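A quick write-up on the structure given underneath.
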Amino acid sequence: MASELAMSNSDLPTSPLAMEYVNDFDLMKFEVKKEPVETDRIISQCGRLIAGGSLSSTPMSTPCSSVPPSPSFSAPSPGSGSEQKAHLEDYYWMTGYPQQLNPEALGFSPEDAVEALISNSHQLQGGFDGYARGAQQLASAAGAGAGASLGGSGEEMGPAAAVVSAVIAAAAAQSGAAPHYHHHHHHHHAAGHHHHPTAGAPGAAGSASASAGGAGGSGGGSGGPASAGGGGGGGGGGGGGAAGAGGALHPHHAAAGGLHFDDRFSDEQLVTMSVRELNRQLRGVSKEEVIRLKQKRRTLKNRGYAQSCRFKRVQQRHVLESEKNQLLQQVDHLKQEISRLVRERDAYKEKYEKLVSSGFRENGSSSDNPSSPEFFM
């Protein structure tokens, strides 16, 4: 969109010093009163601007107030080929910055604006068709959800009526009726998207300007692709609504990503992966998801440790039982040896006693034979 603005308005100043000079001042804070002698000239000038479609495409320029005009304000040449596109871009900035359009400074009522816009509606229709095609491509990259919600209330209005509603919304915002329009826009937005009802509220500080900008963005959409362009046509207010919608959708997207994040790592990968590798894989993930995955990893590791301890205990019990069986077998073998030795001892003892008894009988015939029992030992 910035490139189209640069192409359509080739006479804008390209010096960064001039743009910095304009941006450093808040032109709404000066509160310069208009001169009464210049009332007729200003009203006629504004009438020519509305009829000719030459509002400045720079947001900071306020050609219809008594503030010194911006260098970017200049009427387009009559023979330029981009005249219809300039019409559309001028209305785009007018709906995006309603705080610049002070009805007291313009000096005409909303009825005058309606007549001026209806008289120039045939030129606006041709420029709006070209703008809708460019806005459709922009909405496909930025997300058509917020644009469709902003364009929901403008499906039944034509392009001229949409710009008229934007002008009336700007006048109502300046006169103190901004809460009503903000509530109306919020109602349509909530009806269009139930999953983020708080989207479209840019903040308390710029609620009046954002509500008027949102109304202008909603009026900018007429039908299929133009409804997506309505969100971009809202300027500052529509952009704030889209940002709010993105912020409201962010937790849902994070939750949806978290549902499929467990499929990325199996239980075995979580257990075997090092802490450094896991932290590298979890970059850009929400804190709650990181805590949940690390808790799951700790639970799996504790479960594996408990299983290994149980296996070791069972294995050790089997080893001890096998050793016990071996020792029992050895004890039985020793008992058998003891019983065999006892039997041998008894046999030798019985033999000894027989020999001792036979030796006393033969002791009378041969005295040289030892008669002591130790002889047989």
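From the backbone N, Cα and C atoms, a Cβ is placed for every residue, glycine too.
Now, the feature entries from Swiss-Prot:
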type	residues	note
CROSSLNK	Lys29	SUMO2 cross-link
CROSSLNK	Lys33	SUMO2 cross-link
REGION	57-84	region 'Disordered'
COMPBIAS	72-82	compositional bias 'Low complexity'
REGION	126-377	region 'Represses ARE-mediated transcription'
REGION	175-244	region 'Disordered'
COMPBIAS	180-197	compositional bias 'Basic residues'
COMPBIAS	198-212	compositional bias 'Low complexity'
COMPBIAS	213-244	compositional bias 'Gly residues'
DOMAIN	292-355	domain 'bZIP'
REGION	292-317	region 'Basic motif'
CROSSLNK	Lys335	SUMO2 cross-link
REGION	358-377	region 'Disordered'
COMPBIAS	363-377	compositional bias 'Polar residues'
Looking only at the region 'Basic motif' (292-317), what are its DSSP counts of helix, strand and coil residues? 26 helix, 0 strand, 0 coil
If you draw a 10 Å sphere on the Cβ of Lys335 (SUMO2 cross-link), how many other Cβ atoms land inside? 10
